[in-house]
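The following features are taken from TrEMBL:
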{"type": "ACT_SITE", "residues": "A:Glu80", "note": "active site"}
{"type": "ACT_SITE", "residues": "A:Cys143", "note": "active site"}
{"type": "ACT_SITE", "residues": "A:His167", "note": "active site"}
Protein chains: 4
Amino acid sequence: MISPKVLLTGFTPFGGDKINPSWLAVRQVAEARPTEVRAVEIPTVFATAISDLEAAIRGHRPEVVICVGLANGRPAITPERVAININDADLEDNAGEQPIDVPIVPGGPAAYFTNLPLKDSVAAMRAAGLPAKVSDTAGTFVCNNIFYGLMHLIATKYPGLRGGFIHVPHAPEQVPDGNGPSLSIEQIAQGVSIMVDTCLAPGANLVQPHRPQVRSTR
Amino acid sequence: MISPKVLLTGFTPFGGDKINPSWLAVRQVAEARPTEVRAVEIPTVFATAISDLEAAIRGHRPEVVICVGLANGRPAITPERVAININDADLEDNAGEQPIDVPIVPGGPAAYFTNLPLKDSVAAMRAAGLPAKVSDTAGTFVCNNIFYGLMHLIATKYPGLRGGFIHVPHAPEQVPDGNGPSLSIEQIAQGVSIMVDTCLAPGANLVQPHRPQVRSTR
Amino acid sequence: MISPKVLLTGFTPFGGDKINPSWLAVRQVAEARPTEVRAVEIPTVFATAISDLEAAIRGHRPEVVICVGLANGRPAITPERVAININDADLEDNAGEQPIDVPIVPGGPAAYFTNLPLKDSVAAMRAAGLPAKVSDTAGTFVCNNIFYGLMHLIATKYPGLRGGFIHVPHAPEQVPDGNGPSLSIEQIAQGVSIMVDTCLAPGANLVQPHRPQVRSTR
Amino acid sequence: MISPKVLLTGFTPFGGDKINPSWLAVRQVAEARPTEVRAVEIPTVFATAISDLEAAIRGHRPEVVICVGLANGRPAITPERVAININDADLEDNAGEQPIDVPIVPGGPAAYFTNLPLKDSVAAMRAAGLPAKVSDTAGTFVCNNIFYGLMHLIATKYPGLRGGFIHVPHAPEQVPDGNGPSLSIEQIAQGVSIMVDTCLAPGANLVQPHRPQVRSTR
């Protein structure tokens, strides 16, 4: 069996939701690209998310891992820049736990930057007509937890792996009262698939997610 | 030739936009339901919008007219409750005019309520998983202008006609920076089509858009 | 006893709130300007708000009435342009009633425009450094109810009276979680007082709240 | 001369603004508490902000440093949790520079957490009726730059010092069009002063800004 190049993860519904667009979208991408992509659904549980992720990494041996999660209230697809070493939940996870200001990895670094091509991915999504934006915070719930865990695994055990995280909006059916933004599962899946393309492109800027420069008018 | 039952209108792009999702969506509905629905594109111009609308009414002799327009920043499909007798533009229309506090119909009533089934339409959109909400203001730009003109035509010249207005969100490609909400053209078209169904349903509550009641806990 | 020139009304707290900034602000204005201004607190009750207002008008015989109410989520002081003839509550009033799509005055006009100097008031508030904006909807709760009732009283029984409505933001203490906008009671009171000044100014544009004009680039 | 216990910094106006509420507020706090607090205005310039800060630290020898800056669009006073090692400007600073994805300290840690009592400060602000919230991102403009620089100075050269950052809303006069949230300079100053009190309180939780715990319903 040949390993897929890309592992995508999505989360189970949480906080009373009936669906989680992150899982529905990554499943759709994996079904459309079966040779390159595998998708795994991860329970929204602090205690097990990172070990579930590592099990999937060991099982599928991907080159790239992109974890995906739902961000309440965001109108765009937002690849995340940085994961921070703290769990600070304002609601319970699916195991009934609500950690407050607990390090994810005691003694670990305060943060990790993604090593995926962040801005190239956003530019490609926008070129396809999708609302997209770099985000500077993945929050402090299970999403940030698995993102930090992924980057810590890369830093300590899987040095060749590249990894990152995308936060996505609600699906339209999750905001039927019309009071918040949403994006269709198809569009979310399209955005995730575009980030996969960007990561797999020959010459993709993989080691360094940013291309430092200074614009000056002086 | 048999008259279509429903006339939909959408607007041309304005304010620097390259597309107007209102027109793209109503055209899609008309193409999908050719025997029942006609769609007409109306230039976003105060001076001509109402006469363009009346020409389309005379040409197609519909039973129901639903005008559709873009509402900057709204996250949901919002059928409008009321049109008010004022033009007060905060940007120029496509003819370079910017009326400030000018009545649409001098001496006309301050406002008209729609006579389409407002809440039943919103309920049906929500049942289909679309973000939808009744709106209490259509603004004071060309959207409100055509809506007021439509209801004034019904009140003064086309007594059997039923009419209303729907404001719709930006398409995703119109907010590529990710800073605002959007909805796909397909979903907007689906919402408009659902409102058409609701208006055409046998027994639709057409004369009275609201069903008065008082809930009380006393 | 000399009649005050201006009657201000504010509402009692509702929907679980402990304070209502509309009352706290108008009381502050009345205390600061005792010869010109009276303030009356109106219970947030559909069934009695308009009769309470009329009793205050008969008791104080003002030249100008400005009703003030709280608008959830608005960041600015927003004088209202138009009141519409419908009660449509999405929560119960303080008497436990929740009217749904019931006319305020059966057979009354669909709407009334304010006859206070709307844009001059907003311009004066902005000149004082306050966030202010004309609003095109007063909603369909008790605020719109009293505003419509006021304008209907003027149209039918008090022809010399001038009247309008201002929606104001939450006070900071009402949004301690930091998730929504607010404005201090002092600043809300300052904004209301500026609107009083604008209405009392010699030559104030009182009959016609708007000054029609058309800007054109052609 | 006795050293003040607390150094506050605010920024000069930028991006076309005429005032910066961060400076107006910290100056007000320093004037009200002259024996304990000094305030310094820092030009909004990437190249010099951190060296300006270190000069002020050397000059005043404080025990606590709180830098303050403006956050466009935020409705609350938001003490920041974490500073990240990147400059990524979406507009030019006051020297005409716009660094894109440049590390603040090449080779420095990805991030630093504040060592000020974050949640106790927010709780005290809320108890005083102010809108307040912990923020998980200080952005990637000069605000995050000086915050990272402060924490790096503490980590490398001033081990006894404690430091943090507060983002504050616009002043009302900065959003006269009413389209965004604001807070008065007085209330911003009150919030900053409350954070100073919280940091200086005997037994303040200074080394560890968070008190780790896990709430569980299992």
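Cβ coordinates are placed from backbone N, Cα and C, and glycine is handled just like the others.
Cβ neighbours of A:Glu80 (active site) (same chain, under 8 Å, six or more residues apart in sequence): A:Thr114, A:Ser135, A:Asp136, A:Thr137, A:Ala138, A:Phe147, A:Gly164, A:Phe165, A:Ile166, A:His167.
Counting Cβ atoms from all protein chains shown, A:Cys143 (active site) has 24 others lying within 10 Å of its own Cβ. A:Glu80 (active site) carries a strand DSSP state (E or B). Of all Cβ atoms in the shown protein chains, 25 besides its own fall within 10 Å of the Cβ of A:His167 (active site).
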